[in-house]
Amino acid sequence: MTTTDRTPRKLHVVTHGCQMNVYDSARMTDLLRPLGYETVAAPEGADMVIINTCHIRERAEEKVFSQLGRLRKMKEEQGGNMMIAVTGCVAQAEGEVLAQRAPFVDLVVGPQAYHRLPELIAQAHRKAGAVIDTDFPVEQKFDYLPDDAAPQGVVSFLSIQEGCDKFCSFCVVPYTRGAEASRPVASVLAEAKRMVALGAREIALLGQNVNAYHGEGPDGSTWSLAQLMDKMAEIEGLERIRYTTSHPNDMGEDLILAHRDNIKLMPFLHLPVQSGSDKILRAMNRKHKADDFRRIVERLRHVRPDMAMSSDFITGHPGETDADFEETMKLVRETGFALAYSFKYSPRPGTPAASLPQVEEAVKDARLQELQGLLREQQNTFNASIVGLETPVLFTGSGRHPGQIAGRSLWLQPVVVEHETDLTGKIRMVKITRANPNSLSGTLLDKELIAA
Ligand code: 5AD
Ligand code: SF4
């Protein structure tokens, strides 16, 4: 591969894993656009394919290797004219091993180094074998990203914090994403304003530990997430703010009160608790008890009575007995979740829990089924509780069927309304008439609404 001209080139990006990867993929696309790369929907015929990977559980990693197998064939069929880049957390964790196991890969780039992509691509053009960059550079990648991001739409995601210092026993994130780092307030506000100018009405602030945000403020002092969101609320045209993902130990009182005082902050929180058993929480190195989580939920619901909760759970962490699992079920029953994600524990290489005696696969499975049954029931109950309400909906585009428009509720539920006129970007009052398994249906009310 020796082309250096600026003729349009086809770029295909595959994204696995979390919202941060979705954001990173978009920014990589922004970085490559000035070099003549235009995105295409399929890998066939592409000049460059980026697989932005996830390492959180084994299944996510397996998907990457099966995808690489298919790309290898395609690359051969194209006479070698396809640059293949593996980015993200598998790239970070596997580095050299990945390059050896998949020698047709041209670039291996960790999540902290992707701002160097243009330079790395140039290197890959010159060099046989893979170019690997899994450094944690001293410069912040956020400072090196172009200002002309492509619009994301009415709902936009904005990365403000990366990395994790918590070292939960099961988790690879502290190893793949590195130490906690927060983006300066001015840079976040500038990007938020750009997003709003491009049509964003709702912004979700992203970070592996977003509520541990401690960014440099314009006055040189350190700002908390609550302070940052307070300032964001002043942005005209921005109607809704969310943040994800959070840790219970960083749920400070100012953040809890922000759910009462910041009118643009939505009454929905994703707060992973992982387990309801204090013994397992200790084994997980979570540094909080189940009751700490209960107290946070209670405080949140006290300051904001319509607060809906979401969480993550793991079944079958090493040491989990039937009684421990029962504690998790009890916590779920007591809390009542609007939404939740649950996973079977998956041993990750290099993490402390991976070297402990493991719970049997069938037991992990059975517990996951039981937990998911309860969580599904709670989601249905929550959705049903919204039926009959008159509530603001932010419209994001057209629905799946002609004559329908779609939006989202305050609590993140998709809402579908029969309506001919496009209301994209507008907030309107809707009477919710039905709860479907994964969405709500409603009718438009003839009421003007300025803010959420
Ligand atoms: N096995 C299963 N689930 C995991 N998670 C993180 N690491 C693992 C693992 N090794 C889950 C946690 C976390 C979510 C993003 O993924 O619940 O909150
Ligand atoms: Fe992983 Fe725990 Fe950090 Fe979350 S807080 S990213 S689960 S180590």
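Residue 1 is the first one shown; counting continues down the chain.
Here the Cβ of each residue, glycine as well, is placed from N, Cα and C on the backbone.
Unlike curated records, TrEMBL annotations are generated automatically.
Secondary structure at Cys89 ([4Fe-4S] cluster 1 binding site), as computed by DSSP, is helix. Around Cys89 ([4Fe-4S] cluster 1 binding site), the C-beta neighbours below 8 angstroms that are at least 6 residues distant in the chain are Gly17, Thr53, Cys54, His55, Ile56, Pro111, Val172, Val173, Thr176, Arg177. TrEMBL lists Cys18, Cys54, Cys89 with the feature [4Fe-4S] cluster 1 binding site.
All chains included, 22 other C-beta atoms sit within 10 angstroms of the C-beta of Cys168 ([4Fe-4S] cluster 2 binding site). TrEMBL lists Cys164, Cys168, Cys171 with the feature [4Fe-4S] cluster 2 binding site.
As annotated by TrEMBL, domain 'MTTase N-terminal' applies to 9-126.
Mean per-residue pLDDT, taken over the domain 'Radical SAM core' (150-383), amounts to 96. Annotation comment: TrEMBL describes 150-383 as domain 'Radical SAM core'.
Annotation source TrEMBL lists domain 'TRAM' at 384-446.
Its own atom aside, the Cβ of Cys18 ([4Fe-4S] cluster 1 binding site) has 19 Cβ atoms within 10 angstroms in the protein chains shown. Remark: Cys171 ([4Fe-4S] cluster 2 binding site) has Ile56, Cys164, Arg348, Thr351 as non-local neighbours, by Cβ distance under 8 Å and separation of at least 6 in sequence.
With a cut-off of under 6 Å between the Cβ and any atom of ligand 1, the binding-site residues Cys54, Cys89, Cys164, Cys168, Cys171 reduce to Cys171.
The two recorded residues Cys18 ([4Fe-4S] cluster 1 binding site) and Cys168 ([4Fe-4S] cluster 2 binding site) have their Cα atoms spaced 18 Å from each other. For the [4Fe-4S] cluster 2 site, the Cβ centre of Cys164, Cys168, Cys171 serves as reference, and the other residues of the chain with Cβ at most 8 Å from it are Lys166, Phe167, Phe170, Val172, Val173, Pro174, Gln208. Selection of the binding-site residues Cys18, Cys54, Cys89 by a Cβ distance under 6 Å from ligand 2 yields an empty set.
DSSP assigns Cys171 ([4Fe-4S] cluster 2 binding site) to coil in the three-state reduction, outside any helix or strand.
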